[in-house]
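Novice: Taken from TrEMBL, the feature domain 'Helicase ATP-binding' covers 271-437. The Zn(2+) 1 binding site annotation in TrEMBL covers C500, C503, C540, C543. The Zn(2+) 2 binding site annotation in TrEMBL covers C509, C512, C527, C530. For 535-689, the entry in TrEMBL reads domain 'Helicase C-terminal'.
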Amino acid sequence: MTKIAKIIVDIPLMQTDKPFSYEVPEHLLDLVQVGVRVHVPFGKGNRLLQGFVVGLEDADAADLKPIREFLDFEPVLNAEQLLLADQMRHTVFSYKISILKAMLPGLLNSKYDKEFHPLASLSDEERQLYFPKNSPLLASELREELSLKMAELLKAGKVEQVYLAKDRQTIKTQKHYDVNLQLLETLEIAGRAKKRLEMRAWLLENSQSGLLKDLQALYGREVIKFFEDAGALNIREVEVSRAHAYFKDVKSSNFLQLNEEQAAVVEQVTAAIGQASKPFLLEGVTGSGKTEVYLHIIDKVLQQGKTAIVLVPEISLTPQMTNRFISRFGEQVAIMHSGLSDGEKFDEWRKVKSGQAKVVVGARSAIFAPLENIGAIIIDEEHEATYKQESNPRYHARDVAQLRADYHKAVLVMGSATPSIESRARASREVYQFLQLTKRANPNAKIPEVEILDFRDYIGQQEAGNFTPPLLEAIEERLAKKEQVVLMLNRRGFSSFVMCRDCGFVDDCPNCDISLTLHMDTKTMNCHYCGFQKGIPRNCPNCQSPSIRYYGTGTQKAYDELAEIFPQARILRMDVDTTRQKGAHEKLLTKFGNHEADILLGTQMIAKGLDFPNVTLVGVLNADTSLNLPDFRSSERTFQLLTQVAGRAGRADKPGQVYIQTYNPDHYAIQLAKAQDYEAFYQYEMSIRRQLGYPPYYFTVGLTLSHSSEEIAVQKSYEVMGLLRQGLTDKVKLLGPTPKPIARTHNLYHYQILVKYRFEDHLEESLNRILDWTQEKDNQKVRVIIDHEPQNLM
Ligand code: ADP
Ligand code: ZN
Ligand code: ZN
């Protein structure tokens, strides 16, 4: 009998989307566990790949290849995560390996620069040398050796670029010293050794332990070495968390006394911790104190010895937000978001894995945080599209949350002022439990008044293109009262571009069917899809005319207009250009929070989560741009955005006013945003969805096929349509194939097919069949995306 390991290897292909059997060699028997990473030889060339052990059995092994080495001492994936991957595989149409990798910090996943792993270039003799057979390998030593070897290969030019294990995985440490008092006091030091005497006196007086580098700064290495050699000073290496900076300077804060509505919600939710319960949908108007509710729920969870995950949209993960959690729960909190370096992410992950962190606050992928014994999962701003991952594996954090909540009997709470239509509908059908907060938590804060300004009423009277006279007047008033103003420019589906006034030429990306966006800060024209960049033309590239004009209401232009009209005002601009640098986003917010500026002018990124008491005016410069996009969710998105941004006004004692400028004042999304009536919007939108047969009345799957030849893209799309027709019942509606609204990007033509269904037994099977189809020889050049419940039809 031999020990056999079932291993999922790191090749995202249909043929490899199942565990392969490998023999566990004798000398590695002690190391094998389910959930550890391994290197295994694979395929004809026996190239080495990373893989995960997903199962073990005893059997007679005939001709199985042996595992080459283990990368972990402790499993990096636990049983729950392996189960989760199995469950996700049914609705997320990407391979198991992609799902498993998504659960881990990037540092633990192999990256293959070329087609194969650099280690594959080791000869067997070399391997013998570096991984001697009979010694059980220490994972860290292994990595050390590997990195040396790889450095050597790199130098010899045998591989082009390798990610050195050492660079990638290193755990950051700091040296600490501890004083051995007895030895220090009795140590003999000659009278002329002034420095040594000084250092001893200093240590006795000031410090029994501390950071070695502080001591070095004072007395230098040699003096320290003297004490170390004498045994009076012990030096040890301590692991440091790179994300530690978060926790510095955050003052602790107390729980607020909940109002009646809040208390009722907390009571109902916490009663369900540890019970199998339906998810909760918490609909709470902006400023109703949802975050305070979350904090109380988590407190209860921790009291029960359990743990919690809080998901927040990436853009809302500001220090202002995270500090609310850190100030209550201190070092028990781990923060996970994409702004962290790989090393920091790895540190946070280990903090969670080791049980040190009990509350994870993070963006979408934090849903995979390796917490045990989860008591609550909270999804704030549950309607946000960012909870859906837009690359493989295309999972929705909400679905993963539900699976994890079921496993742990944890409560799942989804909160929003403007829940997604789907979630709200589920609450109607009692699939979710419906909870509401109808009032602002601060009794003096009122829901702001919203007024609509029809651009068309002011044609010819406008001083500046982006601003109607009433809005300018309102701004002036606030400036006089030393109150603050937030202005939002809705840039979805909209950007500045260059057009020739003589021939009408628009400067498009050569690779994509979309105009290039003007960036004044870098003085370039950029494509937001493929990254193409060029200088700003002085003359029309088409007719050479010099009357080329810059169009569009970019934030830069609005900024210039404002600065001209209100030269005394201090204006901050917040958009992709001004927040490119790490930390820039929070610097701007801090500045505004400290009232070092009067006006915050920005894109969508200012709409969320900001809680500044002195803001009494919010202006939306252009409500329309997101309204007319070819996507059935465009009204929903517009309504959500307007409600969110309106919610930034009047959050404390001073009343708030909101102006929305638009060309479509009668559109229901704008009218109902004015009324701040989510429930009415929900009803109306549902009637439209029913008429048109869109979610939540139907489920959808989007398929996108891309190819550099438009002809082939079309032809293959019809082929896939045919396969779907064959496999699916007549109840299913198939739409398309149609070109995507942006028909070409990266020099690829995109066609889409939309599958609409209510119940369909053959769906999974049919879609897996399409996955198989993509592997066929003739189809390998076609890029196929299968997206379950696509959030974005552009
Ligand atoms: P939401 O997340 O629903 O927009 P927040 O949790 O940010 O609302 O709360 C809005 C404001 O009300 C915050 O300044 C918060 O400190 C305050 N707040 C919340 N709950 C209470 C309460 N029970 N009593 C007093 N103030 C509260
Ligand atoms: Zn492009
Ligand atoms: Zn021209």
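Glycine too: its Cβ is placed from the backbone N, Cα and C atoms.
TrEMBL entries are annotated by machine, without manual review.
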Novice: What is the total of other Cβ atoms whose distance to the Cβ of C540 (Zn(2+) 1 binding site) is within 10 Å?
Specialist: 21
Novice: Around the recorded Zn(2+) 1 site, report the further residues of that chain (criterion: Cβ within 8 Å of the mean position of the Cβ atoms of C500, C503, C540, C543; site residues excluded), sequence-ordered.
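Specialist: For the Zn(2+) 1 site, the extra neighbours are R501, D502, G504, F505, P541, N542, Q544, S545, S547, I548.
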Novice: Fill in the CA-CA distance, C527 (Zn(2+) 2 binding site) to C503 (Zn(2+) 1 binding site), as an integer in Å.
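Specialist: With the alpha carbons as reference points, the distance is 22 Å.
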Novice: Would you list, in sequence order, the residues of this chain other than C509, C512, C527, C530 that have their CB within 8 A of the centroid of the site's CB atoms, where the site is the one recorded for Zn(2+) 2?
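Specialist: Nearby residues not in the site list: P510, N511, I514, L516, H528, Y529, G531, F532, T745, H746.
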Novice: Can you go through the binding-site residues C503, C512, C530 and pick out those with a C-beta less than 6 angstroms from ligand 2?
Specialist: C512, C530
Novice: Using a 10 Å radius around each Cβ and all protein chains in view, which of these binding-site residues has the most neighbours: C527, C543?
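Specialist: Per the Cβ count, the most surrounded site is C527.
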Novice: Does any of C500, C503, C509, C527, C540, C543 have a Cβ within less than 6 Å of an atom of ligand 3? These are the binding-site residues; tell me which, or none.
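Specialist: Correct list: C500, C503, C540, C543.
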Novice: Can you tell me the CA-to-CA distance separating C543 (Zn(2+) 1 binding site) and C530 (Zn(2+) 2 binding site), as a whole number of Å?
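Specialist: Given the Cα positions, C543 (Zn(2+) 1 binding site) is 26 Å from C530 (Zn(2+) 2 binding site).
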Novice: Taking DSSP three-state, what's C543 (Zn(2+) 1 binding site) in: helix, strand or coil?
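Specialist: DSSP call for C543 (Zn(2+) 1 binding site): coil, neither helix nor strand.
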Novice: Based on Cβ atoms within 10 Å, give me the single least packed residue among the binding-site residues C503, C530.
Specialist: C503
Novice: Taking all residues of the domain 'Helicase ATP-binding' (271-437) together, what is their mean pLDDT?
Specialist: 93
Novice: I want to verify one value. Collapsing DSSP to three states, which class is C500 (Zn(2+) 1 binding site)?
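Specialist: Once the DSSP labels are grouped into three classes, C500 (Zn(2+) 1 binding site) ends up as strand.
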Novice: On the three-state reduction of DSSP, what should I expect for C527 (Zn(2+) 2 binding site)?
Specialist: coil
Novice: Do you know which of the binding-site residues C500, C509, C512 has the most other C-beta atoms within 10 angstroms of its C-beta?
Specialist: C509
Novice: Among the binding-site residues listed here (C509, C512, C530), which has the Cα closest to the Cα of C500 (Zn(2+) 1 binding site)?
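Specialist: So, spelling it out, the nearest of the binding-site residues is C509.
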